[in-house]
Amino acid sequence: MATGDYQYKFICSPLFMGLYMLSLLVSSLYLSGSAYSPPQQIWIPLLSGFTDPAFYSASTSVLLTLAITGVSATIVFMINSNYLGNEKKSITLILLYLIIVMAVPGTIFLRGSTLAAPFFLMAVYNAIKTSESEKSIFNAGFLTAVASLFYPHILATLPFIFYFTLVSSSFSFRSIALFMTSVFLPFLFLFALRYIVFDDALLFAELFKDHLLSASSPTIKIESVADLFLVLFSFYLAYRAVSNLLGRLSTFKITNAITITRFTVVLVVFLVLATINPDLQDGFMYLLAIPSAFILNEYLSNSRDDKIKRVELLILLILISVSRISEFL
């Protein structure tokens, strides 16, 4: 009989988490043919006028989403392997990331946040390693801007990416100018392209501004009692994980501490965005899953109170399962 620290150890095993993730994927695919369909009103600035994902078939939308999610998962693996841990921790992180993404059935369809996720991940990656070269400073700003052209609200993270990037290198005039130039280039290119192709650069800029500043009464969409318990426990677990990691931040290696701090700030920014604009919540899980997975993985990997943390993860998975089952009722 398993006792002590070995109780519930199976919960964090790659086999169990992999099977659980596959069950979420299969159920999402099943629901995509009945209860859910591709979103009909999405605006992706970079694609506007060239192609409209709303007219993609369900199969095309799902296949593109799975392919892009695979790219995002690969970048997650790269960040964790380079800055936070070993290969085993990276595998657990990828599975956590995919589980959080798949926790909302509607994320199986292509959205702006789906396309933005790989670019934003690479922006954070470059913001962590900026002390290495000016190329990283340029990439951090450029990739954040590109991500915002798929999902405008990512611009809310730009001041933090700016600070993270320069605090790791220097706040010299050259570094600031390089970062700001890298941010403006994607917008300059897109506005010039729209002026040449559609002659609507000013109208496009107005639409982008309106979309970026759109907001409604702060609330969280809850469609069932199962969703209520899942949301409440998710906030509890996020608080537990963040407070635990920040409380022992001084014990981490410098790179680990930098990475954890950055993802903690990103998590808070994304939670605030999702709360003040409920219309974002349906497709926001792709972005929210990024910092959530990193923080939860680091929290679970700490050797202290292993049993309690595994029980917390088990409760989270049970609540996700109950919420998913309620979708079939």
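Yeah, the Cβs are placed from backbone N, Cα and C, and that goes for glycine too.
The annotation transmembrane segment is assigned in TrEMBL to 12-33 (among others).
Residues 29, 32-33, 37-42, 44, 47, 90-91, 93-94, 97-98, 101, 107-111, 114-115, 117-118, 121-122, 124-125, 128, 259, 286, 290, 293-294 of the same chain sit 6 or more residues outside the transmembrane segment (53-79) yet have a Cβ under 8 Å from a Cβ within it. The transmembrane segment feature in TrEMBL is assigned to 53-79 (among others).
The transmembrane segment annotation in TrEMBL covers 91-120 (among others).
For 140-164 (among others), the entry in TrEMBL reads transmembrane segment. If you look at the transmembrane segment (140-164), the same-chain residues 6 or more away from its ends with a CB under 8 A from one of its CBs are 44-47, 111-113, 115-117, 119-120, 122-124, 126-128, 130, 178-187, 190, 208, 211-212, 262, 265-266, 269-270, 273, 277, 280, 287.
The transmembrane segment annotation in TrEMBL covers 176-198 (among others). Sequence-distant neighbours of the transmembrane segment (176-198) (same chain, 6+ residues past either end, Cβ-Cβ under 8 Å): 45-46, 49, 134, 137-142, 144-146, 149, 158, 162, 165-166, 204-205.
Residues annotated as transmembrane segment in TrEMBL: 218-239 (among others).
The transmembrane segment feature in TrEMBL is assigned to 260-277 (among others).
Counting same-chain residues at least six beyond the ends of the transmembrane segment (283-300), those with a Cβ under 8 angstroms from any Cβ of the stretch are 12, 39, 42, 69, 72, 76, 79-80, 84, 89, 92-93, 96-97, 100-101, 103-104, 106-107, 111-114, 116-117, 120-121, 124, 151, 154, 237-238, 240-242, 244-245, 256, 259-260, 263-264, 266-267, 270-271, 273-274, 309-310, 313. Sequence annotations record features per position, and here TrEMBL assigns transmembrane segment to 283-300 (among others).
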Intrachain neighbours beyond the transmembrane segment (91-120), with Cβ under 8 angstroms and 6 or more residues off its ends: 12, 14, 17-18, 20-21, 24-25, 27-29, 31-32, 35-39, 42-44, 46, 53, 56, 58, 61-62, 64-65, 68-69, 71-73, 75-77, 80, 84-85, 143-144, 146-148, 150-151, 154, 157, 230, 282-290, 292-294, 296-297, 300-301, 317, 320, 323-324, 327
